[in-house]
């Protein structure tokens, strides 16, 4: 989570919403890391999770990340939650809960749908105070 | 939808699940087109819709595709349905319904969540017979 928080801080420094993610391989080593890049890339789907998943899959040369884990500073949105399932991530660890935009414990609760083919193990609220503080500081500095 | 079906056929010819998508600009012209590339790109998120959305946003140099429409041969999965919302697509037109993997009229029904910030107009079942026939032929040829 330290590495994911570092990615979130780097995103904030670029003017992006501070969310960071890391993909860990089956042995625990870091396969890929990313921060939010929606503005820099002109890409509304360039969330930290999706970027890290794609980079890890490129590195593994496989569209499925069997036995890999994803660590992210914020509860994934429905898009990223479904992508985590499509990439066959084993365990999802996230920081702050996101009642407004989350898709795991809130909103459409992607893994609760009976049509969901692969459900990762989910551990939420890990260092949520640090993750939430980054987000609060970012939005506070942006609002008049 | 003719253009989206052509992308779906091209995907099948590459050994990919035959789904194709086109993004139309506010004036009705084609901004981007794509077929499924999950195997070719080693990317479980390389669905036709997400690829076409990203390409259109790159072309517009904006993470939001205001006034643009997406035409796709199959009901989008939950990941793509949420991406369509994040990119602020005005109207979603899709072909075949997907009771197993769809996320618009099936599964988590992304646009029905109260937390969904942007709901496109949705028109489903457009030339669904042609779209479904492509998918059926593809899976029939692959199964022993």
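Any Cβ shown, glycine's included, is placed from N, Cα and C.
Automated prediction, rather than curation, is the source of TrEMBL annotations.
Quantities reported herein were computed from a predicted structural model and do not represent experimental measurements.
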Just to be sure I read the record right: B:77, B:80 are listed as binding Zn(2+) in TrEMBL. Which of B:47, B:117 is listed for the same site?
B:47
Measuring CB to CB from residue B:47 (Zn(2+) binding site), give everything in the same chain under 8 Å that is also at least six residues away in sequence.
B:19, B:36, B:38, B:76, B:77, B:79, B:80
Cβ-Cβ neighbours of residue B:80 (Zn(2+) binding site) (radius 10 Å):
33
Which residues does residue B:49 (active site, proton donor) neighbour through Cβ under 8 Å, counting only same-chain ones at least six apart?
B:19, B:21, B:34, B:70, B:72, B:76, B:80, B:83, B:84
